[in-house]
Amino acid sequence: MSDLTLLPILLVVVPLVTAAFLLAVGRFVGGAGRVLALVATLANTAIAFVLAGETLGQDGRPIRTEIAGFPAAEGGIELFVDGISAVVLGLIALVSLGVLVASFDRRRQDSFYALYVLLMAGLSGMVVTNDLFNLYVFLEISGLATYALIASDGSGRSALASLKYLLVGTVGASLYLLGVGYAFVATGYLNMVQLEGAFAEIGHQEPLVQTAFALIAAGLVIKIALFPVHTWQPDAYTEAPDRVTALVAALVSTTAAYALVRISLGVFTPAFFEANSLIHTLLLALAGASVVAGSVLAVMQREVKRMLAYSSVAQFGLVVLGIYLLNGTALTGTVIHLLGHAIIKVGLFLGVAAFATAYGVRTVSEYDGLAERAPYASAAVAVLALALVGMPPTVGFVGKFYIAIGAFEAGAWALLAIIVASTVLTLGYVMRLLERMYFADPPDSSPVSPPAADLSTDGGDPTDESATDGDHTVDEPSNDGPSNDVSRTDTAAAGRISRPLLAVVIVAALATLALGVLGSTIEGALAATVEVLV
Amino acid sequence: MMELLTTHYNYVVFAVLLGIGLYMIIDDENLVKKVIGLNVFQTGIFLFFITISVRDGGLPAVGKGSESAYVNPLPHVLILTAIVVGVSLTALALALVVRIHEEYGSIREDVVVEVLEDE
């Protein structure tokens, strides 16, 4: 086993061990928790970049690792990293790093950071594994960490949203497990590469194979939160602490969507969908409905977080659409859109966090004239919002463009129309927000509330300033439950945006621009991997 | 049909457990009963995995008699892991229910929703 094949294991083991030891060390060394979490996140970022360097490009080769020397042919668990998984791994590490910097706060409990790295372990595991059952375990690990993080501000509302998510999410994961059981009955394998061959051998129209796919897809679609099984998602995103929302919205559905790409194209292969046109049509219809319904529901929301949550339903509709167009162009678009959407959403939700903590604003109507009060944050949010619409030269444009070209190549005119319409629909809710921020007069009646005495900003150490937001801090656990109530004048408004938070939002905005310009480079780097899958 | 029921009753129980569990999760207003429903649902899936590992006249894979037929041990190992996952989820779910009860004084969803609407 050379050093390189060890790296995918480390991606899971490093955060897992950190999560376990962080709490123990934190008891003796104050503040060790967040430092250890930062070290683990940096380590994962470095590993992900090395793996990307090895697997991307024309001469990139997938890396396969057999755990503990058990050969995969005899039922051992195998890890597998190709170009697409390397990109998703890099995304997980970088977004975790960004959100961690934005929520670096000595007043947070160590348990928060333990859950944080546990989530990173679960998500990385889902991406590197080449074993269907192993994927289930990592799906549940990341699920557990997500549910706990969502309820981590201790409010009743977030506990209720989290429980709702837990019930629906566990049913989804259980359906996935049942699908794995059917696949195992049909073939006797759990390894994805072996399953691919075995399915082709026994025939894609075998009822056991069809059922296995239906159950696995149903489970993952619940986790991705496509319409109409998205109902857990808006509550969970809205009631969670702001920074947790940013992390969860950027990574959890994204990783589930990656698993769907892997299993649909790598295990069941496009031949399965050619043999089962009804399943194929149903999936495309589901994705199309998700795009339209998500966008329409987003336009109707008053609360900004809830609006962005519904927007994710629509954007993942596009992603799933890209998967089942079954051609290389659409798949490239899917991967780029997964990447772009995650960066856009982490930036937007952190922007929402910044505005909420600085000015106590949470609804669309409260965003009146924000650009005047917070020009830098507003500019970054505007760039991210336009990227969500798909404005060139942002990454949002590149992803949608490739998916649209893919639909054109596939001759799917109705779907092409939906993709184009989705841009207009997205513009509908994004412009409503930007128009308020830039062209509405700031309301006279709601001046910036003076900072509460114990939250005064002293302009000292920037990491101290991030402690002023009341977002899951030890001191004031119940002050933060976001409510649907329009009049939230009692929110402790800090009056200014913490610098690390602002920096991460601006970096996210610049990243969408940079990735947009580099669009064709990304396509070239992914080309070899995409060719294998489609 | 009767023969199928008498020889494959495990699969019938599996399907019934899934149905009961799902019904409890969806229909019951009591949050603790929802969590119990989730457990019933998962137990149905565990039963499915254990059933598919059985072979007629099979012995446990551990122990003597390596020449004779033995049941497939892999699903057993998988379900052992899945049970651990299920227990962790139940613990977390119950902790959330405790939190909800502290906040709203009830574990019935309809009552909690009423309290939330009054706020």
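All residue numbers here begin at 1 and follow the chain in the order shown.
Cβ coordinates are placed from backbone N, Cα and C, and glycine is handled just like the others.
These numbers come from a predicted model, not from an experiment.
Taken from TrEMBL as is:
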- A:6-25: transmembrane segment (TRANSMEM)
- A:32-52: transmembrane segment (TRANSMEM)
- A:84-104: transmembrane segment (TRANSMEM)
- A:130-426: domain 'NADH:quinone oxidoreductase/Mrp antiporter transmembrane' (DOMAIN)
- A:135-153: transmembrane segment (TRANSMEM)
- A:165-192: transmembrane segment (TRANSMEM)
- A:212-232: transmembrane segment (TRANSMEM)
- A:244-265: transmembrane segment (TRANSMEM)
- A:277-300: transmembrane segment (TRANSMEM)
- A:307-326: transmembrane segment (TRANSMEM)
- A:373-395: transmembrane segment (TRANSMEM)
- A:401-430: transmembrane segment (TRANSMEM)
- A:443-489: region 'Disordered' (REGION)
- A:480-489: compositional bias 'Polar residues' (COMPBIAS)
- A:501-522: transmembrane segment (TRANSMEM)
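Below 8 angstroms of C-beta separation, residues 84-85, 88, 91-92, 95-96, 99, 102, 116, 119, 123, 126-127, 132, 135, 139, 142, 146, 149-150, 152, 192, 216-217, 220-221, 223-225, 233, 236-238, 273, 305, 308-309, 312, 316, 319-320, 323-324, 326, 331, 334-335, 338, 341-343, 345-346, 349-350, 352-353, 472, 533-534 of the same chain, each at least six residues beyond the ends of the transmembrane segment (A:244-265), sit close to that stretch. Residues 4, 7-8, 10-11, 14-15, 18, 21-23, 25-26, 63, 81, 83, 86-87, 89-90, 92-94, 96-97, 100, 104-106, 108-110, 112-114, 116-117, 120, 124 of the same chain, all 6+ positions outside the transmembrane segment (A:32-52), place their C-beta atoms under 8 angstroms from a C-beta of that stretch.
With a threshold of 8 Å between CB atoms, the same-chain residues lying at least 6 positions outside the transmembrane segment (A:373-395) that come near it are 311, 315, 336, 339-341, 343-344, 347-348, 351, 354-355, 358-359, 401, 423, 426-427, 430, 433-434, 437-438, 442, 448, 497, 502, 505-506, 508-509, 511-513, 515-517, 519. Of the ranges A:6-25, A:165-192, A:212-232, A:401-430, A:501-522, the one with the most Cβ pairs under 8 Å to the transmembrane segment (A:84-104) is A:501-522. A Cβ distance under 8 Å defines the sequence-distant neighbours of the transmembrane segment (A:501-522), meaning residues of its chain 6+ beyond its ends; these are 98-99, 101-102, 332, 336, 339-340, 343-344, 346-347, 350-351, 353-354, 357, 376-377, 379-381, 383-384, 387, 392-398, 401, 466, 469.
If one looks beyond the transmembrane segment (A:401-430) by at least 6 residues along the same chain, the residues whose Cβ comes under 8 Å of a Cβ in the stretch are 284, 288, 291-292, 295-296, 298-299, 301, 307, 311, 314, 317-318, 321-322, 325-334, 336-337, 385-386, 388-390, 519, 523.
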